[in-house]
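Q: One structure, as structure tokens, below. Some questions next.
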Amino acid sequence: MKIIKITPRGFCKGVVDAYATCKKIAKLYPNHEKYLIGWLVHNKEIIKELEELGIQTKDDKNHSRSEIIDSIEIKDKNNPPIVIFSAHGTDQKTIDKAREKGLVVFDTTCIYVTKTHDLIKEKIEQGYQIFYIGVNNHPETISTLSIDKSIILIETVNDIENIRTESEKPIFVTNQTTISIYEFEEITETLKSKYKNIEFKNDICNAAKDRQDAVINMPSEVDLLLVVGDIKSNNSKKLVEIGIKKQIESHLIWNTKNIKDEWFINKKCLAITSGCSTPTWLANYVIIFLEKKLGTAND
């Protein structure tokens, strides 16, 4: 079987920067309790590595980040706990609460997420109604919706028919940085047919877009796609969805243990890629495993 290693793959710059910040914090503050508020990025291997550095992840779907901050005790005022907010973004009130409480705060929010937030705030000040295309309950979406209660979330095209908004307000549409280009195009085309006074800004980040484009433009000979990424990783799951949309059998794998032999039956060309939050070493480990398993090594 031929193997094609799709590039780019692996960590994006935002993840590299966030991870480097955590490693620096671990080195500079050895005597402080250190907590990640939410997964730094959606990958279990990274969370394990950070735990080994003394950084504990606090993430609970039943409690908000604000409530998590409330639960952190300051036992030594000379060495207060350090809290690190994830790359997906966190609402400003929660960050302010952490500082007011006396915690040492580090915010690793991705620059692309910050740019989207700044643009939304600017458009709200200009009198626009904001439509936000994103995944409900994803931390990036939660942080964005916290900017203003008037922001309307659109998860699928089916949500559009239920939208109720002030007709005289101009509409500005932007999106979560890790949705697929297909989702953005499908939803925006439907919105164009319903609203006249509407503007769009595609805020899919460059790293996610580059990885999506690479899958979209895979050689036609590919008949099996494997994406190395965590089950919680939205950008990794979108790569799988794009493969399926191209009518290629596609699977998300987070280690070598969930690779199934039946996937390779009657297949001739395997393409491998990974999400923005997948460590390069993990993607390479899976590639080497598959090369040995399939008895081949190709570019």
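Residue numbers in this text run from 1 along the chain shown.
Placement of Cβ uses the backbone N, Cα and C atoms for every residue, glycine included.
Small disclaimer: the values here were computed from a predicted structure and weren't measured.
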Q: Which of Cys22, Cys205 does Swiss-Prot put in the same [4Fe-4S] cluster site as Cys12, Cys110?
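A: When Swiss-Prot describes the [4Fe-4S] cluster site, the candidate it includes is Cys205.
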Q: To which of His32, His42 does Swiss-Prot also attribute binding of (2E)-4-hydroxy-3-methylbut-2-enyl diphosphate at the site defined by His88, His138, Thr177, Ser233, Asn235, Ser277?
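A: Record source Swiss-Prot; matching candidate: His42.
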Q: Same chain, not part of Cys12, Cys110, Cys205: whose C-beta falls within 8 angstroms of the C-beta centre of the [4Fe-4S] cluster site? Give them in sequence order.
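A: These residues sit around the [4Fe-4S] cluster site: Lys13, Gly14, Val15, Ala87, Ile111, Tyr112, Val113, Thr177, Thr178, Asn206, Ala207, Ala208, Cys276.
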Q: List which of the recorded positions Cys12, Cys110, Glu140, Thr177, Cys205 have their Cα within 10 Å of the Cα of Ser277 (dimethylallyl diphosphate binding site), in sequence order.
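A: Qualifying among Cys12, Cys110, Glu140, Thr177, Cys205: Cys12.
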Q: Could you check which of these recorded positions, Cys12, Cys110, Glu140, Cys205, sit within 10 Å of His88 (dimethylallyl diphosphate binding site), going Cα to Cα?
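A: For His88 (dimethylallyl diphosphate binding site), the recorded positions whose Cα atoms are within 10 Å come to Cys110, Glu140.
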Q: Taking 8 Å from the centroid of the Cβ atoms of His42, His88, His138, Ser233, Asn235, Ser277 as the cut-off, which other residues in that chain fall inside it around the dimethylallyl diphosphate site?
A: Trp39, Val41, Glu140, Thr178, Asp230, Lys232, Asn234, Ser236, Gly275, Cys276
Q: How many whole Å apart are the CA atoms of Asn235 (dimethylallyl diphosphate binding site) and Cys205 ([4Fe-4S] cluster binding site)?
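A: Counting only the Cα atoms, the answer is 10 Å.
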